[in-house]
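J.: Structure incoming, see below.
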Amino acid sequence: MRNSRKVAKWEIKRNMKNKSYLIGLFLTPLLMILGFTLPGLFSSDDDNSELTQVYIHDELNLYTDIESIVEEVGFNWQLSKTDLSEEEAAAAALEDSENTAYLFLNEQVLTDGVVPVYTSEEIDVAFMNEVQFLTTPLQTLQLEQLGLSVEQLAMVSNGVVFEEISTEESEAETGEAGLETASPEEFLERIVPGAFAGIIFISIVFTGMAIFQSASQEKKDKIAEIILSSITPTELMQGKIIGYFILGLIQVAVLLVFLVPLVIWKFDMPIMEYLLVPETLLLSVVALLGYLLFAAIFVGIGATMSDMTTAGNFQGFVMMLPFLPFAFIGPVIGNPSGLIAQIGTYIPFSSPGVMILRLSMLEEWPWIEIIIGLAILLISIWLCMKLAGKIFKVGILMYGKNASPAEIWKWIRA
């Protein structure tokens, strides 16, 4: 184990001095910061330039109600009162105006049910849809003039709502599977730990894919022979897995150092409160187990290639295994408790990604399925480590060509 630690330290030092690794280490969070901030800057400029000046001639004393609606909904309006009483005068005033509208509220509006709205030629295309929100105070005033009581007004204002009544079984499934009915706080409590584990999983796995290049490069430069004169192939393989695991954690740490303050500033979200929960620990363990599984596969198959540029179809297929969970995204989001989601949990190569996604969406965790999935994952890791050790032991010293699947199978059986 001491030799494995030495190999891990060597891999870490070698990569930390590599310009490509360092550029990627800091470029990724910087690009994410730009992605967060630049759209906000452009949208704020657009919001200021699209401010709509709305003048209201109010004979019904509804100006205060309209102000409340505009403020509550968040329309980009600048409200003002006007003394213009003639529609023709308003139309004339609009000739030299931009992004301006005049509304006339009088007794005739209550009788006809039509509000005259005069707009400039250049105005926000959404304005006429937004102005429909002002119908509520006008309808309330119409009903009051009919002499309805307070109770009758409340009844009419409430309208009629169609409510679906589910069976007990459907309600149970909805309670398990729906983020749609969750409050924003409940949604964040579930999704933040899952997003954190997802970042760990993706970052570490992508960093671990560099084991391919590391093993093949050492074969190409004939460094492997020198290294294996001092340590065993198993120690070399374990050292590479540990080293790239730590490099992946370094990448996650740098990413979080940039992202956590940015999310807190941008969304005013107590993200640490959502992260420091037991769920985060379990989801992180799932992510780390997923890395160990793929790292064992990568280091074993990487030893069978003479050069990354000459990788065959078999090696290319193996490199695509971490992306298998993407095939389950649609069904899992649609029904996290469904059959396809359960199958994805029990397939070792898709289990880490599917479990993280499922547990981020479910209100009540299916512990039996989790235990079975973790057991399958642990057995798969142990098996892949054993097989990878056999492949690595022979493949790391083979030069000149990529190993065929038949040759790899022969090494495994030996």
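Cβ coordinates come from backbone N, Cα and C, glycine included.
Remember, TrEMBL labels are computer predictions, not curated facts.
According to TrEMBL:
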type     : residues : note
DOMAIN   : 19-388   : domain 'ABC-2 type transporter transmembrane'
TRANSMEM : 21-42    : transmembrane segment
TRANSMEM : 191-212  : transmembrane segment
TRANSMEM : 241-265  : transmembrane segment
TRANSMEM : 285-305  : transmembrane segment
TRANSMEM : 317-347  : transmembrane segment
TRANSMEM : 367-388  : transmembrane segment
J.: Quick test of the contact rule: Cβ under 8 Å, at least six residues beyond the ends. What residues does that give for the transmembrane segment (367-388)?
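T.: Same-chain contacts beyond the ends: 237, 282, 286, 289-290, 292-293, 296-297, 299-300, 342, 345-346, 348, 351-352, 355, 359, 412.
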J.: Which bits of the chain, at least 6 residues beyond where the transmembrane segment (317-347) starts or stops, bring a Cβ under 8 A of a Cβ in it?
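T.: Here the qualifying positions are 173, 176-177, 205-206, 209, 212, 294, 297-298, 301, 311, 353-355, 357-358, 361-362, 366, 369-370, 372-373, 376.
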J.: By a Cβ-Cβ criterion of under 8 Å, what residues six or more beyond either terminus of the transmembrane segment (241-265) are in contact with it?
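T.: 4-5, 7-12, 15-16, 21, 24-26, 28-30, 32-33, 36, 199-200, 203-208, 210-211, 214, 271-272, 288, 291-292, 295-296, 299.
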